[in-house]
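Asks: Straight from TrEMBL, here's the annotation block:
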- 22-76: domain 'P-type ATPase N-terminal' (DOMAIN)
- 305-328: transmembrane segment (TRANSMEM)
- 348-373: transmembrane segment (TRANSMEM)
- Asp421: active site, 4-aspartylphosphate intermediate (ACT_SITE)
- Asp421, Thr423, Asp820, Asp824: Mg(2+) binding site (BINDING)
- Asp421, Lys422, Thr423, Glu522, Phe563, Lys586, Arg620, Thr699, Gly700, Asp701, Arg794, Lys800, Asn823, Asp824: ATP binding site (BINDING)
- 846-1100: domain 'P-type ATPase C-terminal' (DOMAIN)
- 877-898: transmembrane segment (TRANSMEM)
- 910-930: transmembrane segment (TRANSMEM)
- 959-979: transmembrane segment (TRANSMEM)
- 999-1017: transmembrane segment (TRANSMEM)
- 1029-1053: transmembrane segment (TRANSMEM)
- 1073-1093: transmembrane segment (TRANSMEM)
Amino acid sequence: RANDREFNLSYEYAVSTVIDYLFQDNAIKTSKYNIFTFLPLNLFEQFQRLANAYFLFLLCLQLIPEISSLSWFTTVVPLVLVLSMTMAKDGSDDINRHRCDRQVNNRKVEVLIDGELRSEKWMDVQVGDIIKLENNQFVTADLLLLSSSEPLNLVYIETAELDGCVSVAFKHAFVFTFAFLNCMSSSSVFLILPSSSFRETNLKVKQALTVTGELEDGIEKLANFNGEVRCEPPNNRLDKFTGTLTLKGEMYSLDNERVLLRGCTLRNTQWCFGLVVFGGPDTKLMQNCGKTTLKRTSIDRLMNVLVLSIFGFLAIMCLILAVGNGIWEYQEGSKFAAFLPKQEGVNAPFSAFLTFWSYVIILNTVVPISLYVSVEIIRLGNSFYIDWDRKMYYPKSDTPAEARTTTLNEELGQIKYIFSDKTGTLTQNIMTFNKCSINGKSYGEPYQCAGMDGNRGRYVDFSWNNLADPKFCFHDHSLVEVVREGNPEVQAFFRLLALCHTVMPEEKKEGELYYQAQSPDEGALVTAARNFGFVFRSRTPESITVVEMGELVTYELLAVLDFNNVRKRMSVIVRSPEGKLTLYCKGADTIIFERLNPSCSKLKEVTTEHLNEYAGDGLRTLALAYKDIDPEYMEEWKLRHHEASTAMDEREEKLDALYEEIEKGLLVGSTAVEDKLQDGVPQTIEQLSKADIKIWVLTGDKQGGLSSLEYTINRLQLFSLAHLDSLFSLSEQKRQRTLCSSCRQTQQRKSERSSSESTDGLLTITFVAFALEKDMEMELLRTACMCQTVICCRVTPLQKAQVVELVKKYKQAITLAIGDGANDVSMIKAAHIGVGISGQEGMQAVLSSDFSFAQFRYLQRLLLVHGRWSYLRMCKFLRYFFYKNFTFTFVHFWYGFFCGFSAQTVYDEWFITLYNLVYTALPVLALSLFDQDVNDRWSFQYPKLYAPGQLNQYFSKRAFVYTVLHSGYSSLVLFFIPWAAMYDTVRDDGKDIVDYQSFALLAQTCLLIAVSIQLGLDTHYWTSVNQFFLWGSLCVYFAVIFTMYSNGMFLIFTSSFPFIGTARNSLNQPNVWLTMLLTSILCVLPVVAYRFLRILLWPTINDKVRCRGQDKVLPPVPRRVQARRVSTRRSGYAFSHAQGYGDLVTSGRFLRWTPKSRLALFSQTDSPLAQTQPQFYRTINEGGEPPLSP
């Protein structure tokens, strides 16, 4: 209820929880912590990670003296460091969330309280309050619009912040697809939006109820307003609102067009008043801010499995050592009781039990706590490389590439299936008028070719038309000649194009026309009519003004029957200056042909041939028709239309029936416009195909509109399940038989091909809705997966996501979805990787994506360069990380057999503490951030380099087992060679060198040198950073041991630094250095030998490319011959064509004031960075699969 806070608090949605009450109705809270909950809650979240919980458990074990043989700091220091780093990151993120919350909640707005307007904070606004908004203010909450400063109680809102869309769209209160002039008041004031609004934002028009609009800005009237709103509960449907307003005993219907949603911005409106319906967390904006499903990579999932396996392996090692301790205590323990007395009650079994837990502590490094932190650092660094890549920057729109998530980088190097939208993603979504068919004659010549003479092949000169668009190009001079000669059929054709549309004109200067169209198709057709002498000049709600061959002609606009996705056509009814009534219609050829007069059958056949020809060239086609209307019939039809438009039940069905009745006429011709592919699309598709990435195009267009795309993949042989659109009209059994028969034919033709072409093929599917049924989905998948490229036509957004889920479910392959519009969001979220293109259809795809850029051609660099490098680096990191930690741990295991299984450590405690944190941390990070097997040029040159990632060759369970075996061998060398070298050895001066401390120093030094050499062998791309970190870590190690083993440290901290003088007494002996050299050679010798034999006998594609890369010369680009394109399919009106704004045209709401010019935001010239020349690449045929390298 308006102006009644106490009454509204009794409803659940007003205050749903105690927390909502404490934070007021309209306050939002996106932060996770406060000053009291941060430490306990963050620690609780961190200890939910298995590795962190494991190390906390180890710390508790170390507090038990009977178990622990290590000092507490060996576990506390790494654990505190990891927790602190994560805590700092989480705290910084939450501080930013708090700052944003405060900024929003403390915004000011005028609220009507006790009969006067008061400035209140947003957080203090409650449900039922009446608030005043002014121009350019954000909408405070979900409001019911009451009144505004504009005529007819209209307001204009920008929804870019709400839905991310920057394209032009219009909404208004009364949804009529038809409006008559006699329904308009002659005193109405009409409004026009400024030109900047058309270009840069998504302005929507809202209108208040007439009964509330009478309140205007009267404070007294608004204070006495006591209407009650009953509506749906809070939900996340941005496009839907259902409710009623009860006022003075009358009930009024409310829908989404009466509501202003939080997150919108008021534009071009001086003021408006609104009633708060939902506030704070109940607003639709906040309802849409649910938790996003966390995507995890396949390596993450594998790591979880491996960590669990490592825990099991750790338990087995500890059990073996515990059993050994029990046996040793039983057999040998009594011999040492004289000087190592046992505690009372401790026998061999109990000693074995304690030893088990002691070794759990000692061998804990087999589960490295720093692994997860290092992985996040590597992913963050590789994400920055994508953000900084100037070769993926698009200067025309000032759009760089952006990694919107930092957790999926390496999965970019494992993509097997790409699902792509077509319009705006593969194409420019910029239409050009190319050809047309008028009265059975086709016009439009191809581009100039050799052998053409005269005017043929040159652009048409439109200088005779002062209003022509200088950017418009056409090649057929004969069409201009027949137009200027006054051919009635040709002039009727262009008159239809100039009248039948909902384009908004803008004339900045005399003769400088700019068209704002709801779709690129409409803009291209109206521009074509303009250049051929039929210039759409201006419009009012009741008229359209056209300059016909230099004469100004004004047509009375009687009706606009607007386009939608069901009708697939639009019509206008106009009255000429001579009083003649005519209906002009344009739409999909199949729709128009069904409604033609039988007398047009011959013309229909000829036009159909032309449409097939245009479809073969990959053009988008429309059919045009007209009908002369009898005035008496028109008057009778108007009455029936008025009844249908005011009906409360089945309004849309009744209107559709009336439209169907009147939209029948005579064929005029057809148009063909070209939606050009983006630069580099053919080369990108070819490159990705060579990388064995299968491409599925999921589009809402008809099959014929995809010809241009099909022929860009001209290296592939076309497999098409021909003309199965008719499946929609067949019975269930017949459709299934037809589908199965077509799939079997495709599979049979596929099997008949030679093995050398087994990866080629393109499949066009036009019956996705039926094929996705449970009993047929496997047949679809089997057939489609036999082809390299698949095109699915007439697909809805939901079906796009279903296709992606189908492949994910049954193929167990990594998928990537790429799109540029809101209809691609479900597909982007369903795939493992979502890529958004910031193009002509808004920003919703980008906002929902994991990675984004401006052009499709950048996808090949994202995958073949950044993705492959990220995967290679992550796999090298994991293999090396597990290698160095298993080697470190296995030495402890072997030492247990020589120390009576007493859980004594083989290394110095400070070495155990600093091994992962200091000595080996930075070199492996440098490897993981800078390493490249080949540079980016060779990555493009040989796309087959991408294949190992798809096959998980670099890191898998098998690779992990090899790493463990390699570590086992290295640990044997690192323990037994120093043990044998030190056994019964004396110094040069005859003193005994055999002691535990000297052996520990030698073993840990050999270990560090061996793992450093292994790191050097794994590094293919050396930088100064790699050199500095590798040699610097070794220098730090020697500096630390000389410092910690010094007399001074021992005197200050006697119990913490017992290795006094060990470094200087051991490292001055030649045999110690010879032992280090011998162990290093024995550790790396098998690796070097294996890699030498592998390169010699079983070279991989990487080995071959690196050998060729030594010459640093790329092979010449082969000449390419364009294939001739032939097709019998034709396209229809764009399936993704949006609802028009014909009702807005006739309502008069689009007129306001004279548009002002707007400066261009971006230069229209490409920098050298963005220029992508066509590139052609060749592949290297790889031999048999080589063994996996260690």
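Cβ coordinates come from backbone N, Cα and C, glycine included.
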Asks: Go through the recorded positions Asp421, Phe563, Arg620 and tell me which ones have a CA within 10 A of the CA of Asp820 (Mg(2+) binding site).
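Replies: Correct set: Asp421.
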Asks: Decide whether the stretches the transmembrane segment (348-373) and the transmembrane segment (910-930) have at least 3 CB pairs under 8 angstroms, with pairs required to be 6 or more apart in sequence.
Replies: yes
Asks: Applying a 10 Å Cβ distance cut-off over all chains shown, what neighbour count does Asp824 (Mg(2+) binding site) have?
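Replies: Neighbour count, Cβ to Cβ under the 10 Å cut-off: 30.
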Asks: Please identify, among the binding-site residues Phe563, Arg620, Asp824, the one with the smallest Cα-Cα distance to Asp421 (active site, 4-aspartylphosphate intermediate).
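Replies: Checked the binding-site residues Phe563, Arg620, Asp824; minimum Cα distance to Asp421 (active site, 4-aspartylphosphate intermediate) goes to Asp824.
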Asks: I'm a bit unsure how to read this: which one of 959-979, 999-1017, 1029-1053 has the highest number of Cβ pairs shorter than 8 Å with the transmembrane segment (877-898)?
Replies: 959-979
Asks: Counting CB pairs under 8 Å, which listed stretch among 305-328, 959-979, 999-1017, 1073-1093 touches the transmembrane segment (910-930) the most?
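Replies: Selected stretch: 999-1017, with the most Cβ pairs under 8 Å.
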Asks: Would you kindly give the Cα-Cα distance separating Asn823 (ATP binding site) and Thr423 (Mg(2+) binding site), rounded to the nearest Å?
Replies: 11
Asks: For the binding-site residues Thr423, Asn823, which one has the sparsest Cβ surroundings, going by other Cβ atoms within 10 Å?
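Replies: Comparing Cβ neighbours within 10 Å for the binding-site residues Thr423, Asn823, Asn823 has the fewest.
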Asks: Between the Cα atoms of Asp824 (Mg(2+) binding site) and Phe563 (ATP binding site), what distance do you get, rounded to the nearest Å?
Replies: 22
Asks: Determine how many residues of the domain 'P-type ATPase N-terminal' (22-76) DSSP places in helix, in strand and in coil.
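Replies: Its residues fall into 27 helix, 0 strand, 28 coil.
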Asks: When a 10 Å sphere is centred on the Cβ of Asp421 (active site, 4-aspartylphosphate intermediate), how many other Cβ atoms does it contain?
Replies: 30
Asks: At a 10 Å cut-off from the C-beta of Phe563 (ATP binding site), count the other C-beta atoms across all protein chains.
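Replies: That number is 27.
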Asks: 10 Å Cβ neighbour count around Asp820 (Mg(2+) binding site)?
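Replies: The answer is 30.
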